[in-house]
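S.K.: My structure is below; once you've seen it, I'll send some questions.
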């Protein structure tokens, strides 16, 4: 029955498999690879030989990797089991993407690179379709890898600054269209948009961007890094494809499926274009990311993954309400960012007014207290990335009105994580404000004659 569900139907089983069933399945795949044949005689340079038994067991003796030298999706004759593993993983992942909200996606494949390099692969594929194009239109998001993905591919990013609407930073649609007209559509490789992001930036206006791309016949690549876990992000992609143009969307394996870093999924609505991207990958590739995500999804089943999505959404509501209470208690605000379904931001205006360094010190205090993932964003920081200078870096805008702290409700988060975070944040805020006021008082004294005399005494 389990072979029928996954091999014939190509779907993620509804119910979780137990570990013994998964291991049996993987061993059956492994014995189809030539390196595991009894009496096999290998005289080539790549024969699946492994010196360490520990390494062999870690990979379930699936040693050959995936693909052939000319196509990462091609079947490897002497590695039928590994090739089948690759095909099945792509089918199961496609099923999960549909389940998560992008119902009309037609094709996807797991690539053994993280999101940034996977985006680069998409851009390099488009180069052959648009040889004159040198620019990529990019609504600003202060995350280095997605910016560097364009530079690495050899293109010139055209940064479109966001517009402030209330507390939210949103896509400047008029500026995008104006820049396309100014540069000439034939000179634009694509629009590179983003769904999942840190508040107060919110997902791009994908529907409007998709319509612009369709109108000007420009490709549209979406960075959906951790958007699979959000029904809102997936809905935006589905709607964008319905009303306009989305050529490919890229998501991380580790962020969405809780597996080790090292893989991503490239998906799209045109099967031939997705196949073009897979053929652009040079050489064979590691099967580890495919193996990790297949084991994980079989361990969860479709019902288990849907439950994780449900729990994440519930924890987002809980984190939002509790962080708002904490913000009010410290005379701060939970920034109003209703269009961001994963990340939240709390102002640090009072802390910033007391001492410029107090904001960054808060981040250090949280980190030393084992609070990971919370980002503290000061005002006015400047950073240069590949010779491009960003003012207000990390805040997605040149002059965001206040310093703030980020926290996110990502897949796998538990109520205990939220409660411990809030408790430690409360203590750190109290300590930071106390220290900042003391330092401000000392500075005021030292700047006055009376104060100087008091200090000498």
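Using the three backbone atoms N, Cα and C, a Cβ is placed for every residue, glycine included.
Positions annotated as pyridoxal 5'-phosphate binding site by TrEMBL: 46. If you look up TrEMBL, you'll see 68, 69, 76, 284 marked as substrate binding site. Per TrEMBL, the feature tRNA binding site maps to 242, 369, 434. Residues annotated as compositional bias 'Basic and acidic residues' in TrEMBL: 433-443. What TrEMBL lists as compositional bias 'Polar residues' is 444-457. Here TrEMBL flags 255 as N6-(pyridoxal phosphate)lysine. Marked as region 'Disordered' by TrEMBL: 433-457.
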S.K.: Nearest to residue 284 (substrate binding site) by Cα, among 46, 242, 255, 434 (recorded positions)?
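M.R.: When the Cα distances are compared, 46 comes out closest.
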S.K.: If you count Cβ atoms within 10 Å of each one, which of the recorded positions 46, 68, 242, 255, 434 comes out on top?
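M.R.: Per the Cβ count, the most surrounded site is 255.
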S.K.: In whole Å, how far does the CA atom of residue 68 (substrate binding site) lie from that of residue 434 (tRNA binding site)?
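M.R.: Answer for this pair: 62 Å between alpha carbons.
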S.K.: Counting across all protein chains shown, how many other Cβ atoms sit within 10 Å of the Cβ of residue 369 (tRNA binding site)?
M.R.: 14
S.K.: Using residue 242 (tRNA binding site) as the reference point, find which of the recorded positions 46, 69, 76, 255 has the shortest Cα-to-Cα distance to it.
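M.R.: When the Cα distances are compared, 255 comes out closest.
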S.K.: Identify, among the binding-site residues 69, 76, the residue whose Cβ has the fewest other Cβ atoms within 10 Å in this structure.
M.R.: 69
S.K.: Given the substrate site residues 68, 69, 76, 284, which other residues of that chain have a Cβ within 8 Å of the mean position of their Cβ atoms, reported in sequence order?
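M.R.: Apart from the listed residues, the neighbours are 65, 66, 67, 70, 71, 72, 74, 283.
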S.K.: By CA-CA distance, flag whichever of 46, 255, 434 among the recorded positions is nearest to residue 76 (substrate binding site).
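M.R.: Answer for the nearest of the recorded positions: 46.
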S.K.: For the residue listed as 'N6-(pyridoxal phosphate)lysine' and residue 46 (pyridoxal 5'-phosphate binding site), what Cα-Cα distance in Å is obtained after rounding to a whole number?
M.R.: 33
S.K.: Between residue 46 (pyridoxal 5'-phosphate binding site) and residue 369 (tRNA binding site), how far is it from one CA atom to the other, in Å?
M.R.: 48
S.K.: Express the distance between the Cα positions of residue 434 (tRNA binding site) and residue 69 (substrate binding site) as a whole number of Å.
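M.R.: Distance between the two Cα atoms comes out at 62 Å.
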S.K.: For the C-alpha pair, I'd like the distance in angstrom between residue 369 (tRNA binding site) and residue 69 (substrate binding site), rounded off.
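M.R.: One finds 48 Å between the Cα atoms of these residues.
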S.K.: Between the two most separated Cα atoms in 242, 369, 434, the residues recorded as binding tRNA, what distance in Å do you get?
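M.R.: So the binding residues stretch over 54 Å, Cα to Cα.
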